[in-house]
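Swiss-Prot has this to say about the protein:
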type: REPEAT; residues: 8-87; note: repeat 'Solcar 1'
type: REPEAT; residues: 115-199; note: repeat 'Solcar 2'
type: REPEAT; residues: 221-305; note: repeat 'Solcar 3'
type: TRANSMEM; residues: 14-39; note: transmembrane segment
type: TRANSMEM; residues: 62-88; note: transmembrane segment
type: TRANSMEM; residues: 121-146; note: transmembrane segment
type: TRANSMEM; residues: 174-197; note: transmembrane segment
type: TRANSMEM; residues: 225-251; note: transmembrane segment
type: TRANSMEM; residues: 280-298; note: transmembrane segment
Amino acid sequence: MTEQATKPRNSSHLIGGFFGGLTSAVALQPLDLLKTRIQQDKKATLWKNLKEIDSPLQLWRGTLPSALRTSIGSALYLSCLNLMRSSLAKRRNAVPSLTNDSNIVYNKSSSLPRLTMYENLLTGAFARGLVGYITMPITVIKVRYESTLYNYSSLKEAITHIYTKEGLFGFFRGFGATCLRDAPYAGLYVLLYEKSKQLLPMVLPSRFIHYNPEGGFTTYTSTTVNTTSAVLSASLATTVTAPFDTIKTRMQLEPSKFTNSFNTFTSIVKNENVLKLFSGLSMRLARKAFSAGIAWGIYEELVKRFM
């Protein structure tokens, strides 16, 4: 099998990213909604917000903008990430082949190029920052649609209100905090994810490790390795970047009060407490961990299917 034959087509990353992102967004929307509502009020608790929900369907409020943002964003991000990582791997002549055991002894669960930890960190951060800017308007609409501070009845009403009150800048409100959260998160995530895929096969019980006739892992084994790696990596990266998520949410919900990232940070620390910077972490942790497991598990397998 030649390098050209083993190289995934670019469209496979768009398709894999889109469906992985869409599935995780719809399935985990309740966690995202609860996280937003906990962060908007310094006295809010999970139990208090759950009691205010009149019907289970209300937990999926804001699903459309969330699904659009996550599916489109995931497709663009993973395509952009693959383009950068493949370009770097080509230059170093390090694109792995499923038939070259010396190259893939630690990453037989994946068909993605293998880079250094430093390269994984930088490509993940840069790709996320770029795509985050492109999808920022959808993010702002999504956050406000989920919040109880705005009672939008439709996406059209949300768009009209934001544009009328704040102009085009309103659709990019909180981008600085979002970028400070997402770029480090993505960089850390890709670094940890790729390293976990190398290490997990070495520590998993032998009953979980099965090989196909070509020498790579079976679908069961690769899915186990990739999904577990995604959950572990997302959990750690989410915890580290949690304060930026709280700052971003406050800026998008109360733009007149919180005008910039530093002002928001000092206000929370001074008027509330440092722990409030981690408000909603349990919801975000659960959502990001499961989301990464679902999205990256689907993405990795679809990429291999479209090779």
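Note that Cβ sites are derived from N, Cα and C of the backbone, with glycine treated the same way.
Here the repeat 'Solcar 2' (115-199) is broken down by DSSP into helix, strand and coil counts: 71 helix, 0 strand, 14 coil. Non-local neighbours of the transmembrane segment (121-146) in the same chain are 32-33, 36-37, 61-62, 65-66, 68-69, 72-73, 76-77, 80-81, 84-85, 88, 115, 152, 155, 158-159, 162, 170-175, 178-179, 182-191, 249, 252-253; each lies 6+ residues outside the stretch with a CB under 8 Å from one of its CB atoms. Residues 45-46, 49-50, 59-63, 66-67, 69-79, 143, 146-148, 245-246, 249-250, 279-280, 283-284, 286-287, 290-292, 294-303, 306 of the same chain sit 6 or more residues outside the transmembrane segment (14-39) yet have a Cβ under 8 Å from a Cβ within it. Broken down with DSSP, the repeat 'Solcar 3' (221-305) shows 73 helix, 0 strand, 12 coil. Confidence across the repeat 'Solcar 1' (8-87), taken as the mean pLDDT and rounded to a whole number, stands at 86.
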